[in-house]
C-alpha cells in the first residue's frame, strides 16, 4: 500500500473533474464480477480458522497450569479468534452489499446467519448501513460516526480532551461503542426520537423494512437462547472465554475500522448546500493494518473504492483501488500511520467540525475549544 500524499494536507473540495462513469471506466470489468464459489471459499476458510482456534482451547488448561502462562495462552486465543471472526464479520458485510454472490437470497441467508451468530441484527444493520453509503460525508444525513458541530459539543468535552479523558473515551468506544450504537444510536444521525436498530418502528427504517427488522431480532433471540443453554451446560466462565471475549475484540475492531475510515483532519464534511454523492463518497481514507488487511478481507485498505462500488467483492478491491487512483488524484487519501497512533491522533485532533468561515457549507475537523 503506497501513500504519496502529505497526510495532513486537506483533500480538494471543489467539484471533481471526473464522474462516477470515469471512475468505473478505469476499473477492469472483471472486478465487478461476483463468484459464489470464490466467495464461499473465503467464507469456509474463515469458518475453518474459527473452528481450529476453538478446538485448540481444549488444550489450554492441559498444557499450562493455572497462572500467567495459561492467561497468556488465553490472551493469544482471544486476539487470534477476534481477528479471524472480524474477517467473518466482513464476509457478512459483503452479503449486506450484495457483493457475495449474484443471488440475493443466498447473500441474505449467509449474512443473516453469520451476523446473528455475532449478535448483529443483520437486516437492521444492512438498511442503516446502506443509508450511510447513500449519505456519506453529510453532516446532517450520514448514519454513523457523525461528527459534532462546535455548538453541539457536550459540557464534558473540555475534560475529555485531557489525556485521562481521552483514554476513557477511547476505551468506551472500543468496549461499548458498537452496542451503544445499535441500541441507542450513539454517534449516529440525529433523529426526532429514540432510534434503535432493535425497534421495528425506529425512525431509521421505513414500513417496508419492518418485518425484516423483526426477523433480525428473532435471529438474535435464537442465538442468545443457544448461548444461554451453552452457558448452563458448559459453564458461563467457559462461554466468556471461548466466545464472549473474542466477540468483544470483534466489536472493538469494528468500531476502530469504521472510525478510522471516515475520521481524518484532511477530510471535509459537507452541509446540505455543498454535499453531493461523489464528494461524499470521497470522505473516506484507506488505512494500512499490515497483515490484518488480508485477515479483514481488505475492508481497511480499499475502502475508498468500496464507497464507489459497494457490490464489488473484496477479492477484486485491491486491483480496483490501484486502477482508480490515477483518476482520483489528490481526491484520494490513504494513511499508513500505525493504528494505535492514528486512533490517538484522530481523537486529539478531530473533536468537532466547523467551516473556516461562517456560513460556508464545507466543514473541517478542529480541536480548539476557545472561541
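Backbone N, Cα and C define each Cβ position, glycine as well.
According to TrEMBL, the domain 'Fatty acid desaturase N-terminal' annotation covers 12-50. Secondary structure counts, DSSP: the domain 'Fatty acid desaturase N-terminal' (12-50) has 26 helix, 0 strand, 13 coil.
Among the features that TrEMBL reports, transmembrane segment is placed at 39-56 (among others).
Marked as transmembrane segment by TrEMBL: 68-91 (among others). When Cβ-Cβ distances below 8 Å are used as the criterion, the transmembrane segment (68-91) is approached by residues 39, 42-43, 46-47, 49-50, 53-54, 56-57, 60-61, 100, 110, 114-115, 118, 120, 241, 245-250, 252-254, 292, 295-297, 299, 314 of the same chain, each at least six residues removed from its ends.
The feature domain 'Fatty acid desaturase' is assigned by TrEMBL to 71-333.
Here TrEMBL flags 103-123 (among others) as transmembrane segment.
Taken from TrEMBL, the feature transmembrane segment covers 167-184 (among others).
If you look up TrEMBL, you'll see 213-232 (among others) marked as transmembrane segment. Same-chain residues lying 6 or more positions outside the transmembrane segment (213-232) and placing a CB less than 8 Å from one of its CB atoms are 112-113, 115-117, 119, 121-125, 127, 197-200, 202, 205, 239, 243.
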Residues of the parent chain within Cβ reach of the transmembrane segment (167-184), under 8 Å, 6 or more residues beyond its termini: 120-121, 124-125, 144, 160, 194, 196-198, 248, 251-252, 254-256, 259, 343-344, 347
